[in-house]
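> Here Swiss-Prot flags Tyr114 as active site, proton donor/acceptor. Swiss-Prot lists Ser209 with the feature 2,3-didehydroalanine (Ser). According to Swiss-Prot, the (E)-cinnamate binding site annotation covers Asn266, Gln354, Arg360, Asn390, Lys462, Glu490, Asn493.
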Amino acid sequence: MAHIGNGNGNGNGFANGNGNGNGAAGLCLHPDPLNWRAAADALTGSHLDEVRRMAAEFRKPVVRLEGASLSISQVAAVAAGREVKVELSEEARGRVKASSDWVMDSMGKGTDSYGVTTGFGATSHRRTKEGGALQKELIRFLNAGIFGAGPEDGQTLPPTTTRAAMLVRVNTLLQGYSGIRFEILEAISSLLNHNVTPILPLRGTISSSGDLVPLSYIAGVLIGRPNSKSIGPDGTYVDATEAFRLAGISGGFFELQPKEGLAMVNGTAVGSGLASMVLFEANIIAVLAEVISAIFCEVMQGKPEFTDHLTHKLKHHPGQIEAAAIMEHILAGSSYMKMAAKIHEQDPLQKPKQDRYALRTSPQWLGPLIEVIRTSTKSIEREINSVNDNPLIDVSRNKAIHGGNFQGTPIGVSMDNTRLVLAAIGKLMFAQISELVNDFYNNGLPSNLSGGRNPSLDYGFKGAEIAMASYCSELQFLANPVTNHVQSAEQHNQDVNSLGLISARKTAEAVEILKLMSSTFLVALCQAVDLRHLEENLKAAVKNTVSQVAKRVLTMGVNGELHPSRFCEKDLIKVIDREYVFAYADDPCSATYPLMQKLRGVLVEHALVNGDKEKEMGTSIFQKITAFEEELKATLPKEVEGVRVAFDNGTNVIPNRISECRSYPLYKFVREELGAGYLTGEKVVSPGEEFNKVFVAMNQWKLIDPLLECLSDWNGAPLPIC
């Protein structure tokens, strides 16, 4: 009976009920012969739960290969060189041996099979009985890559990509349809487990008859080609002999049997391996984009109404519904949202009714992107668990089947689509940070998020915004498709080809750029959080100071009688509540700044309604203005500086609201674990130094835990519609 599914929802499987491991007929008899149901079932549940599973799998110490259950997170873990051991299922040994034996038997019987007795591609009309020599020549002529003088020339694939390719190729060959010895697969696994990585060329594959050229260099190490090189555990280049010694492979180099060279090179493993790594990161970045959009709402004092479930339920798209629900969860109970609600109650008719698109439509923007990432992820997981060489050996029917599973179109299409997604996420981040640094839009934060005392000598995130524009422009360029640039190749035999690896490489570039953007934006959001904290303390100090000065100066007349100006205090406090503190904080008593102008305006307005009392020195409010302002000038700058000093020392009276928010784990990670601090022009440290800390942490997978911690108590459903 056929095995349906693999735990990843890929719907891959193989039958093993016939003794030789190849129950091909059974593949067509199960209840989902077209695999559509399996593909649909793979998308059940939330995207966040899927990312949680990926993160858990990524940390497991062992990856056990049996041919049909490999996940992109396992590929990413092995590729990253983590302490992960690769094991091969002993159950696969029998079916792998059966297909290998079939090739040798058919060769002995004189059966004519492509790549076993024939030439390759457009020259398959040629025939030979020297099956081993044919495989050796295959590897030789495919070693057509260019490496330059060394790694500094940038013409080699990253070792992580090669490790991913090795893992995927072993997995696909374990299904027993390829005619290769189990011992060769064990040797590749030994190279992986001992961190010995063949050097592959960066370019030279069209991912049509598989990734022929790069995969031939893995085969070159296994057969001991003199031009083959590997990177040892210590990072040095070694030849094939030393590679075998370091990997503990005994018995010497392999003498290829018929079909074995073709089995190694005629597959999509390099493209699908890199695609797996790319999608592992893309899935995490998608969740990050949802969470930081919610943090953006917090620091912008946005209106959380945009996450209301009814809005998104009526749109029907699951990605949008989930994105909104995640943001709703972050914002529900947020201390920032409670404060923002009070602010919005002040003069509501004088403020915009709704937020700009970068905030208000972020679920609608991100939702379809998440759906595409999920679809691409499942497509690649099907690919890395597929049999993708040619011909396929069907032992049960005693035949070699000539087809084209080596065509890497699922990779090219998935990577083109993923790159569009990454560009769109980057565009949203750029729109959000552009609002955040602009004091015309950011609801009272200082221009450029400048954190210092003197805005004329502190330009904050101005350089960062320029860098973000650069990143975003390059990212949008990379969004252009690769797969429409096909060239007919190999004497017009490979006249359509997927360009899967090229597309995956471009998508890997896009991931790196989006991580640069994410790192920059995350530090900017933390800066905004701290500025809101400073703002709240400054405003409290200003209100207290103005109130105290008003009581001292405006309450009593010269002879101790109650003065009409005592009624001004309430309106003076309203001015402070309505005025952005950073509009005057660098010089709070400046006559050119709005605070002093509007405080004076309050006194003038009260004086104008004071009537005949203004004619008397003892009851004139006008006569109090100078005394009030002089007292304020003597007191307020000291109080403002005191708040600044307390902020620098971490001793402010009002604590930082972020500690009461579900977004706190990300803030804490940046500020405390990474030590990326509050930026000001008064410090020597540059913005890029702090951005780099976050970028390095992302590359080291350290952001995953604090990101998921922000959503640890989400139950996977939107809040009820009440």
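Including glycine, each Cβ sits where the backbone N, Cα and C put it.
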> Going by C-alpha distance, which of the binding-site residues Asn266, Gln354, Arg360, Asn390, Lys462 is nearest to Ser209 (2,3-didehydroalanine (Ser))?
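Result: the closest of the binding-site residues to Ser209 (2,3-didehydroalanine (Ser)) is Asn266.
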> Taking the Cβ of Asn266 ((E)-cinnamate binding site) as the centre, how many other Cβ atoms fall within a 10 Å radius?
23
> Expressed to the nearest Å, what is the distance separating the residue listed as 'active site, proton donor/acceptor' and Lys462 ((E)-cinnamate binding site) at their Cα atoms?
62
> To which of the recorded positions Ser209, Gln354 does the lowest count of other Cβ atoms within 10 Å belong?
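Fewest other Cβ atoms within 10 Å, among the recorded positions Ser209, Gln354, is found for Gln354.
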> Taking the Cβ of Asn390 ((E)-cinnamate binding site) as centre, how many other Cβ atoms lie within 10 Å?
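Around Asn390 ((E)-cinnamate binding site), other Cβ atoms within 10 Å: 22.
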> Using DSSP and collapsing to three states, where does Arg360 ((E)-cinnamate binding site) fall: helix, strand or coil?
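The three-state answer is helix.
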> Give the helix, strand or coil assignment DSSP yields for Lys462 ((E)-cinnamate binding site).
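Assignment for Lys462 ((E)-cinnamate binding site) reads helix.
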> 10 Å Cβ neighbour count around Arg360 ((E)-cinnamate binding site)?
17
